Structure formats: structure tokens, C-alpha cells
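Visitor: Let me begin by handing over the structure; questions about it come next.
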Amino acid sequence: MTTILGVPLQGLLGQLVLGLVNGSFYAILSLGLAVIFGMLNIINFAHGALFMVGAFVAWAGLEYLGISYWWSLLAAPALVGLAGIAIERGLLRWLYKLDHLYGLLLTFGLALIIEGLFRFQFGVSGQPYSIPDEVAGAFNLGFMSLPKYRAWVIGASLTVCLLTWFTIEKTRLGAYLRAATENPSITQAFGINVPVMVMLTYAFGVGLAGLAGVLAAPTGQLSPLMGSNLIIVVFAVVVIGGMGSILGAIVAGLGLGVVEGLTKVFYPEASATVVFVIMVIVLMVRPAGLFGKEK
């Protein structure tokens, strides 16, 4: 059996794939956070809770309405996005001119409320969500077995991340969004409805969290705590990539997922802290993050 540094090749590749799957979730979640912070200057601590809501929307749709996983990929982000519109219009729009701390505290409190409501309704034991038949089973690659669902998650996440980056950085819509948040008064003078653009930006950012929740639903038990268990790592990913950097969120998310997966093979004791160690090192060398802009 082929080994690398004493580790069987099949086990190493399996952890590499698992790291890419986790990195895919990190990338989508940190991408949503980067969009919201980069354009609205809001540190959205409710992101993890809305990730959990997306997963439970998919579960409830299947359990009570018979809505398939594939339709939930559209429905859950849309519903979470609508919730985001209500949050932005009702709460966040009053905070844009204030210090970042106010937005962080408000969204942190909102996350606690959402998680508390779901814990009251569903408990903490978790709900199962089956892998769709179309992506059940595994590909036999000869040297390893690759679960089809993991391959789907990686491919779908990469597609969403690249499309988001292209839309924001390379299209006229992205230019309008950036202008509406960077120079709202000038943008308003050109007839663009800035409040609507800001509202849609927040809705899109949290919609990405809802989408990540649906993708994560079949990978384990759905729990009201699934978002809070993940959000601190995702914030570390955003800091490493650069606060507000779209490309940084994608690259750091995928890269750190792989690093975390490989650490579980070579030094399991450090797997829970390796992301934070890397964050400290990056901040010492480049305080703005790998792709962030120095101020």
C-alpha cells in the first residue's frame, strides 16, 4: 500500500476531499460575510444562524411539503434572503453611520434569538436529512472511493463562488453595487435607488448563507447549533482572506479547509486550532489579510 509520511494514500486523499468539502462551506459562508462587510461595513454575526435556518427550511420543505432537495436549493436561499430584507430594513439601516461594534452587537443578539427559537422548537438532538438519490453512492476512482455528494458540494460551491466574484467585480451590476455603497450620494444623483441596492446586497449575502445551509443539510444531523459551531472559524477565514475581499474569502475558505483536513491526518491534536494559528501569523505579517487593502 502506498504511503506518504507513513499515512496510507487512500486515507490521505479521503481527508483531502473532506477538507475541500469543509472548505467549500467556509468559502460560501465567508463570501457572504465579505460581501456584507465589504459593501455595508456590517459585521454580520447572524450569518451562522441564517446558515442554520437555510438547512432547516430545506428539512421542513421535505418533511411537511414534499419539496425536494433540488427545489430547496432555490427556495431556501430565497426565503433566507427575504428574512435578510426584513432585518436590513427593520434594524440594520439605522446603523450604517455608526461604529462597527453596534452592528456586531445587534447581529449577535439576533443570532442568539434565532438559535433560541429553534432550540425551543426542535431541541438540540438534530434532525436527519437524506442525501438525494441522484448524488447518492460514490465514484470508484481506483485509488479511492469519492462520495458523489461530496463531489457535488465542491463543484456547486466553486461555481457559486466564481459566479459571485465575476458578478461583483466584472459586471455593470457589480459596479452599481460598489458605487451605491462607496459613494451613495453621487450614485443617488445618477438615478440609482441606493437603499434598494443596499437592501439587495444584504439579502444576497445572507442568501448565500441559506444556500450553504441546504448544501450542508445532507452531510450530518441538522441542529440549531450548527451555525454557531461554524461561525467563529468562518470569521477567522474572512480575516485571513481580508475583510471585505471577495477573492480572499474564496481562496482562504478553500485553502484553509484543505489545511484543516490534512492537519487531522498528520497532527490531529492541532486540527481545531490550526485556522486560528494561521490567522495570528497572517495578521502579524499582513494586518489587512492576504487580499485585503491596506488603509
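We count from 1, first residue shown onward.
A Cβ is built for glycine as well, from the same backbone N, Cα and C atoms used for every other residue.
Relevant sequence annotations retrieved from TrEMBL are reproduced here:
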type     : residues : note
TRANSMEM : 12-35    : transmembrane segment
TRANSMEM : 42-62    : transmembrane segment
TRANSMEM : 68-87    : transmembrane segment
TRANSMEM : 99-118   : transmembrane segment
TRANSMEM : 149-168  : transmembrane segment
TRANSMEM : 189-218  : transmembrane segment
TRANSMEM : 230-259  : transmembrane segment
TRANSMEM : 266-285  : transmembrane segment
Visitor: Taking the transmembrane segment (189-218) as reference, which of 42-62, 149-168, 230-259, 266-285 has the most Cβ pairs under 8 angstroms?
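Guide: Highest pair count goes to 42-62.
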Visitor: The transmembrane segment (12-35) vs the transmembrane segment (68-87): three or more C-beta pairs under 8 Å (separation of 6 or more)?
Guide: no
Visitor: So, taking each listed stretch (42-62, 99-118, 149-168, 230-259) in turn and counting its Cβ pairs to the transmembrane segment (68-87) that are under 8 angstroms, which one gives the highest count?
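Guide: Between the candidates 42-62, 99-118, 149-168, 230-259, the best contact partner of the transmembrane segment (68-87) is 42-62.
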Visitor: So what's near the transmembrane segment (230-259) in sequence-distant terms, Cβ-Cβ under 8 Å and 6+ beyond its ends?
Guide: 16, 19-31, 33-35, 37-39, 45, 47-48, 51, 111, 158, 161-162, 164-165, 168-169, 274-276, 278-279, 282-283, 288-293
